[in-house]
Every structure is written in C-alpha cells, then in structure tokens.
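Listed in Swiss-Prot:
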- Gly120, Ser121, Asn122, Gly123, Lys124, Thr125, Thr126: ATP binding site (BINDING)
Amino acid sequence: MKKIKTYENKNILILGLGKSGFSVAKLLLKLGAKLTLNDKKDLSNDDRAAELDKLGVRIISGYHPVEIFDKEKFDYLVKNPGIPYENPMVEKALKLNIPVITEPEIALNVSEAPYVCVTGSNGKTTTVMLTQRIMDHHLSKNGGHAYAVGNIGVPISEVVEKATDKDLLVVEMSSFQLLGVTDIKPKVAAIVDIYNNVHLDYHKTFDNYVEAKLRITQSQDQNDYFIANFDQKNILDRELKKTKAKVQTFSETDKTADYFIGDEYLESKDDHQIMKISDIKIPGIHNQQNCLVAIAISKLMGADDSDIQYALSTFTGATHRLQYVMTYNDRKIYNDSKSTNIEAATVAIPSFKEPEVLIAGGLDRGFMFDSLVPLFKKYVKSIVLYGETKYLLADAARKAGIKDIVIVNTLQEAVPRAYELSEAGDVILFSPACASWDQFNTFEERGDFFVKFIKELKTK
C-alpha cells in the first residue's frame with residue numbers, strides 16, 4: 001500500500017457504515033486521518049461501530065446531525081455510494097465546498113497493485129469474475145493474484161493493504177460509485193452495456209446515468225485502454241468523444257469489432273479463434289459477450305489463450321446470475337434473481353433451447369412489459385407470476401398467447417406451481433424482471449430464498 005499524505009491529520013466525516021464505510025474507516029485511520037462516522041440507523045448495538053469506536057472513531061448514529069458543520073470544519077465527506085446527493089448532510093457539505101468522495105477513489109489511490117475497472121447495466125459482475133479467474137491463473141505463475149473487488153461485494157479498501165505490484169485488482173464499479181470519483185485511472189476500463197430504465201430513481205435522467213458510467217474513463221490517457229460495446233452505437237459515439245484512451249471493441253455479430261462471437265468460437269478480428277463456444281459453461285449469448293470483455297481486458301494485461309481457455313471452461317456462473325441450481329426430475333433449474341429490470345430478463349430468457357417455465361415479478365416501478373412479449377411467445381411455455389407486477393406481467397403473457405398463466409402472491413407459492421407446470425426436459429427459470437424490494441431486502445436475499453424453496457421441493 002502506498003503511504004500517501006493526502007489524508008494525514010485531516011478531519012473526515014464518513015456518511016454511512018455498511019461494508020465499505022467500515023473498511024474505508026480502518027484504511028483512513030492507517031493513513032492518519034481523524035474520523036467521525038455518521039449513520040441514520042442506530043448503531044448502539046453494532047459490532048463494527050463498537051470496533052471503530054475503540055480505534056478512536058467518533059460515532060454519531062440514529063439521525064443526521066446537519067448542525068455539526070456549523071461547529072467544526074471537515075476536510076472531506078466520504079459518502080456511501082447508495083446515499084443520494086439530496087441527503088441533507090451531503091447537500092450541506094457541497095454548499096460549504098467540502099469535497100464529497102467515495103471509498104473506491106481513496107482505496108485505488110493508495111493501491112500498489114495495478115487495477116482495471118468494469119461497469120455496465122447488466123453483466124458487470126460476471127465479467128469481473130471471469131476476468132479475475134483468467135488473470136489469477138495467469139499471475140499465479142509468478143506468485144501473483146487477481147482480486148475481484150468493488151461493487152461485487154468486497155470493498156477495495158479491504159484488499160489494498162495486502163495487494164502488491166505483482167497482483168491485479170479487478171474492480172466492479174456501479175454508477176453510484178462512479179458518480180463519486182474524480183480521479184481514478186484504470187489501465188483498462190470497460191463498459192459492458194448501458195440500458196435505459198436503470199437506477200433512474202437515483203440519477204433522475206438517462207443522460208445523467210450515462211454520464212456517471214462514462215466517468216470510468218474520464219481520467220484515462222493514451223497509455224490506457226477502453227473497451228466498448230460495438231453494438232450500442234448511440235452509446236459508442238458518446239464513449240469515443242469522452243475517452244482519451246486507446247479503444248478496443250466487442251460485438252455479438254460484427255466481425256469488424258476487435259472481438260466477436262463467431263459460429264463456433266469467440267474470435268478476434270485477426271482471424272484468431274480464442275475459445276470454443278461449446279466449452280463455455282455459462283449459458284446465453286449475453287454471457288458470451290461478457291466473456292469477450294473479459295478476454296479483451298485479460299489480453300491487454302498479459303494473459304494468453306491457455307489462461308482464457310482454462311478459466312472460461314471451468315467457470316459455472318456468478319451467484320444469482322443465471323446460476324445453475326440443480327436438475328430435479330429432469331428439469332434444469334436456474335436462479336437469475338439479479339434480473340432486477342426488463343433488460344436483464346431480455347437477455348436471460350433466450351439463453352436456453354429447452355421449453356421454459358418462467359417465474360417473474362417484483363417491485364412495481366411503473367414500467368410496462370410489452371417488450372417481453374416476443375420473447376414470451378418464442379421461449380416461454382408457462383409462466384408463474386407474483387409480487388406487485390404480477391398483473392402487468394400477466395397482460396404481457398396473454399398478449400404472447402401463453403395459455404398457462406398462474407398468479408400467486410409470494411415467491412414461496414410460485415416455486416411449487418412452476419414445478420407442477422413443468423415436464424421432463426424443461427427449464428425452470430427464475431428471472432423476475434423487477435427489483436426485489438416489494439418482498440425482499442435485496443436481490444441476493446430473494447435468490448437465496450428461491451434456492452431454499454427449490455430444495456424444499458425434494459423433501460415434499
């Protein structure tokens with residue numbers, strides 16, 4: 001870890017505990033900062049808060065003490081990425097011209113290990129996991145490691161102390177995190193895709209959302225690389241105007257891109273066949289595109305075809321992202337709880353050749369599901385719907401001509417009904433197309449319950 005003086009003896013307010021708040025607090029203490037941590041939740045019985053308190057961090061919880069800015073001067077406010085900029089503490093800090101930063105920028109600025117960054121509306125976690133797997137295989141030959149960090153669930157500040165210049169950080173960045181960075185310079189940055197109707201409750205407009213994503217490349221220069229989706233032409237134009245890095249592209253079908261999906265192989269435009277598609281374990285065209293991004297990043301960071309082939313042929317998928325759960329009575333069952341929007345379901349549903357029994361539904365964000373009608377018509381034989389959006393999804397299913405439409409209240413009810421509708425040789429796919437918050441705290445919790453309910457089928 002680099003010993004920088006930026007935060008030494010600085011008075012810093014951390015807003016929000018959570019995983020990243022806890023980790024960045026410990027990092028900042030080692031960098032010599034004086035810390036106050038505030039969380040709207042009561043932290044009086046929180047073990048992490050108690051640990052920080054023993055280390056000398058002042059803890060203020062249960063409310064936001066906006067008046068604290070009138071009593072003392074802060075040099076920085078470190079904001080949990082999920083806290084909106086309309087938060088009164090953030091608004092007050094900005095009004096006083098106090099820099100508002102986030103954990104990734106602090107951690108990456110002290111990292112001795114080089115780093116690459118990946119963002120996107122869908123597919124970024126799988127891409128990060130694939131890249132980490134390829135690069136770990138490559139770096140291990142010389143005693144190094146690749147670490148998957150960031151929005152994937154492991155704070156960067158948790159890893160930077162042990163990561164050396166022999167290692168690599170593969171960083172997943174959300175739009176929330178990117179909005180709070182001003183000076184990160186990844187050797188390779190990649191945007192997997194950008195779709196509308198994602199996080200507009202936070203960013204307010206699609207244009208704001210795109211601009212947040214583009215911050216991943218804003219500090220890159222001609223010595224760096226930017227990986228862009230050749231098929232999203234409207235986004236590509238903005239990316240090319242924004243970046244100063246060398247650009248490489250990937251495409252589902254266009255052979256003029258640097259990397260593309262061929263008939264039997266993932267290929268590069270120099271007619272090089274990199275990976276046999278039939279050897280890739282994770283299903284779906286979208287996952288083949290994720291593989292292309294991981295290949296592009298890894299090639300630039302020194303990996304060879306053998307590293308790529310080993311990693312892609314042994315990777316069975318990220319949890320809650322078209323995750324294979326089990327085969328039960330000749331039905332293959334998949335958990336795609338990360339399908340929190342229509343676009344995610346759009347890429348999941350066409351991933352299988354077998355007839356599908358689909359389970360969908362969740363939080364109503366005011367979207368219509370008519371765009372799913374052609375996919376329902378082509379791939380879905382039966383559908384079980386639950387949650388706030390069940391009737392809206394049922395309308396789309398009727399338009400698609402699906403005869404077996406079952407409406408229930410909860411996911412627990414949906415699972416056995418889906419099994420009853422299925423036959424040997426079918427796929428049972430849980431791809432909600434909606435956020436989880438009507439019945440679950442997170443998509444991870446929702447996916448865990450789905451797997452639990454599936455396993456309960458075997459006991460009945």
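Going from the start of the chain as shown, residues are counted 1 onward.
Every residue, even glycine, has its Cβ placed from backbone N, Cα and C.
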Using the structure shown, find which entry in Ser121, Asn122, Thr125, Thr126 (the binding-site residues) has the sparsest Cβ neighbourhood within 10 Å.
-> Ser121
When you measure from the Cβ of Gly120 (ATP binding site), which residues in the chain that are at least 6 apart have a Cβ under 8 Å away?
-> Thr127, Ala190, Ile191, Val192, Asp193, Ile194, Lys213
Close in space but at least six residues away in sequence, with Cβ under 8 Å from that of Gly123 (ATP binding site), the same-chain residues are Val192, Asp193, His286, Asn287, Gln289, Asn290, Val293, Val347
DSSP output for Ser121 (ATP binding site) maps to coil
With a radius of 8 angstroms around the mean position of the C-beta atoms of Gly120, Ser121, Asn122, Gly123, Lys124, Thr125, Thr126, what other residues of the same chain does the ATP site pick up?
-> Val118, Thr127, Val192, Asp193, Asn290
Helix, strand or coil at Thr126 (ATP binding site), per DSSP?
-> helix
Taking the Cβ of Lys124 (ATP binding site) as the reference point, list residues of the same chain whose Cβ is under 8 angstroms away and which are at least six residues distant in sequence.
-> Val118, Asn151, Glu172, Met173, Val192
